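Following: one structure in structure tokens, then a few remarks.
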Amino acid sequence: MPPPKKFRVQSKNYFLTYPQCSLSKEEALSQLQNLNTPVNKKFIKICRELHENGEPHLHVLVQFEGKYQCTNNRFFDLVSPTRSAHFHPNIQGAKSSSDVKSYIDKDGDTIEWGDFQIDGRSARGGQQSANDSYAKALNAGSVQSALAVLREEQPKDFVLQNHNIRSNLERIFAKAPEPWVPPFQVSSFTNVPDEMQEWADNYFGTGDAAPPDRPVSIIVEGDSRTGKTMWARALGPHNYLSGHLDFNGRVFSNDVQYNVIDDIAPHYLKLKHWKELLGAQKDWQSNCKYGKPVQIKGGIPAIVLCNPGEGASYKEFLDKAENTGLKNWTIKNAIFITLTAPLYQESTQASQETGNQKAQG
């Protein structure tokens with residue numbers, strides 16, 4: 001008669017099942033952490049489940065830094081701290097730690113310690129299909145959570161396609177920019193030039209009627225602190241583009257009424273999207289730096305705000321001989337306003353600011 005086969009398991013990943021175990025997850029984790037092994041433990045995850053008769057059992061994944069050889073089938077036994085009871089597990093080497101972790105995660109009553117060590121076995125034909133992984137990523141709720149899912153379940157894609165995956169997820173999970181709340185109401189701007197007010201009335205005063213198909217834009221030039229930015233931003237929902245053009249979904253929305261272009265040098269706008277923005281063109285693309293092309297819905301006017309002087313003034317820029325063609329186009333698509341005084345009376349906005357502070361207090 002051959003001698004009984006000696007117990008021996010050698011693996012980096014151990015899957016333990018305690019069929020009848022009344023210990024809490026926390027107590028079990030503490031005892032497993034304190035086991036002395038020649039190989040460092042890297043990760044432990046425990047799930048507590050109930051049998052149909054209400055008796056609890058535990059599933060455990062233990063990951064080691066390297067292969068650990070276990071020759072004592074009582075090594076992973078747990079002990080009750082309150083009574084004389086031992087809990088003996090079924091011990092298996094786990095071929096795919098990802099599959100075991102997914103199995104343990106299914107009921108949600110879990111606790112873990114350490115950093116999960118990703119393996120590629122699941123992605124090479126285990127239980128976790130690519131479609132399942134990406135569906136799980138879409139349901140993760142955020143870019144970082146989705147990336148964590150794919151890092152664990154689709155490591156090859158995560159490494160080789162990281163840039164594309166991250167870019168796509170950022171677009172998928174992009175939130176609309178928070179609406180800007182103006183500190184002053186439009187009614188506080190009492191010195192708005194007639195032509196400037198007429199432009200605003202023609203575009204914003206249509207009520208329920210459809211806006212013009214190709215609305216005219218407006219270029220407002222004036223000294224600093226004349227109120228032009230506050231006026232422009234108080235008219236309604238808008239995109240605010242300042243200093244440079246940024247069509248990132250975190251700051252730019254296709255569901256606004258107009259664009260505010262503030263302190264963007266005319267030579268820069270000429271190189272980018274002068275005609276698209278000032279001409280209220282529809283359905284055009286912008287190639288963002290280090291990103292994929294962004295589709296712009298368009299069809300809305302721009303309020304361009306600038307200061308006088310070389311390099312800032314749009315009027316001076318268009319008066320240059322090399323910009324004659326662009327000037328002729330712009331005259332047909334925008335009106336020009338030069339401010340000679342602030343758009344507000346200081347007493348009007350001061351009283352409104354006081355009222356706002358009282359309402360907030």
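Note: Cβ is positioned from N, Cα and C throughout, glycine not excepted.
The following features are taken from Swiss-Prot:
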type: MOTIF; residues: 15-18; note: motif 'RCR-1'
type: BINDING; residues: Glu49, His57, His59, Asp107; note: divalent metal cation binding site
type: MOTIF; residues: 103-106; note: motif 'RCR-3'
type: REGION; residues: 143-153; note: region 'Binding to RBR1'
type: BINDING; residues: Gly222, Asp223, Ser224, Arg225, Thr226, Gly227, Lys228, Thr229; note: ATP binding site
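Shown here: features listed in Swiss-Prot, placed on the structure.
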{"residue": "Glu49", "record": "divalent metal cation binding site", "Cβ within 10 Å": "14"}
{"residue": "His59", "record": "divalent metal cation binding site", "Cβ within 10 Å": "22"}
{"residue": "Asp107", "record": "divalent metal cation binding site", "Cβ within 10 Å": "12"}
{"residue": "Gly222", "record": "ATP binding site", "Cβ within 10 Å": "19"}
{"residue": "Asp223", "record": "ATP binding site", "Cβ within 10 Å": "13"}
{"residue": "Ser224", "record": "ATP binding site", "Cβ within 10 Å": "9"}
{"residue": "Arg225", "record": "ATP binding site", "Cβ within 10 Å": "9"}
{"residue": "Thr226", "record": "ATP binding site", "Cβ within 10 Å": "20"}
{"residue": "Gly227", "record": "ATP binding site", "Cβ within 10 Å": "21"}
{"residue": "Thr229", "record": "ATP binding site", "Cβ within 10 Å": "19"}
His57, Lys228 as binding-site residues, winner by CB count within 10 A: Lys228
Rounded Cα separation (Å) that holds between Gly227 (ATP binding site) and His59 (divalent metal cation binding site): 66
Residue pair Ser224 (ATP binding site), Asp107 (divalent metal cation binding site) - Cα distance, angstrom, rounded: 61
Output field, ATP shell: CB within 8 Å of site CB centroid, site Gly222, Asp223, Ser224, Arg225, Thr226, Gly227, Lys228, Thr229 dropped: Leu305, Asn307, Leu339, Pro342, Leu343
Residue from Arg225, Thr226, Lys228, Thr229 whose C-alpha is spatially nearest that of Glu49 (divalent metal cation binding site), among the binding-site residues: Thr229
Three-class DSSP secondary structure - Lys228 (ATP binding site): helix
Counts of helix, strand and coil residues, the motif 'RCR-1' (15-18), according to DSSP: 0 helix, 4 strand, 0 coil
Minimum Cα separation from Arg225 (ATP binding site), reported as the residue among binding-site residues His57, His59, Asp107 that achieves it: Asp107
Counts of helix, strand and coil residues, the region 'Binding to RBR1' (143-153), according to DSSP: 11 helix, 0 strand, 0 coil
Beyond the site residues Glu49, His57, His59, Asp107: chain residues whose C-beta lies within 8 Å of the centroid, for divalent metal cation: Cys47, Arg48, Leu50, Pro56, Leu58, Ile104, Asp109
Three-state composition of the motif 'RCR-3' (103-106), taking helix and strand from DSSP: 3 helix, 0 strand, 1 coil
For Gly222 (ATP binding site), the three-state class that DSSP assigns: coil
Asp223 (ATP binding site) and His59 (divalent metal cation binding site), distance between Cα atoms, whole Å: 71
